[in-house]
Amino acid sequence: MIDFDGNMINISRKDVVARKATAVGRIYLRKETITAIKNNQVKKGNVIEISRAVGTMYAKNTFLQIPYCHNIPIEGVDVDFSLGENYVEVTCSTTTSYKTGIEMEAINCVNGALLNIWDMVKYLEKDETGNYPETRIEGVHVIKKTKSQE
């Protein structure tokens with residue numbers, strides 16, 4: 001957060017609180033691409049496991065990507081995947097005990113995992129002109145945010 005003068009918010013007087021945030025988002029893909037992911041037949045490797053690692057890395061590096069985000073201690077990152085007929089849904093939950101929220105880390109985790117999925121399967125998604133008519137990322141949002149006094 002920033003104050004009205006454009007400075008990073010001073011959180012030094014805030015209490016340390018247990019916090020959790022969960023975000024979700026989807027990437028829509030061709031049915032054939034979903035089948036390739038399910039059968040671990042993507043050239044670049046295991047899409048789910050690599051995307052789990054990328055999502056975790058994005059969560060941990062949020063403060064480096066968003067200038068006014070605080071560098072907070074991340075105590076947990078859980079990245080889950082659900083494959084539908086024409087989509088992969090990524091859900092990321094992040095936890096901390098700190099003075100500010102952890103929802104940006106959860107959102108960043110989802111975005112990183114989704115971007116990685118796109119990168120890994122783009123050769124399967126391109127049409128004859130090199131475009132991606134069916135591929136899209138949608139619905140990235142926070143579905144739950146909690147905090148409780150320790």
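Glycine is no exception: its Cβ is also placed from the backbone N, Cα and C atoms.
The active site annotation in Swiss-Prot covers D119. Residues or ranges marked as substrate binding site by Swiss-Prot: Y68, C69, H70, M104, E105.
Proximity of E105 (substrate binding site) to non-local residues of its own chain (separation of 6 or more, Cβ distance below 8 Å) is seen for A21, A59, K60, T62, I72, I74, V77, T94, T96, given in sequence order. In this structure, the binding-site residues under consideration are C69, M104, and the one with the smallest number of other Cβ atoms within 10 Å of its Cβ is C69.
The residues near the substrate site, meaning same-chain residues not in Y68, C69, H70, M104, E105 whose C-beta sits within 8 angstroms of the mean position of the site's C-beta atoms, are T62, F63, I66, N71, I72, T100, in sequence order. Classification of H70 (substrate binding site) by DSSP places it in coil, neither helical nor stranded. In sequence order, K44 make up the list of same-chain residues 6 or more apart from the residue listed as 'active site' whose Cβ falls under 8 Å from its Cβ. Note on H70 (substrate binding site): other Cβ atoms within 10 Å of its Cβ, all shown chains, come to 17.
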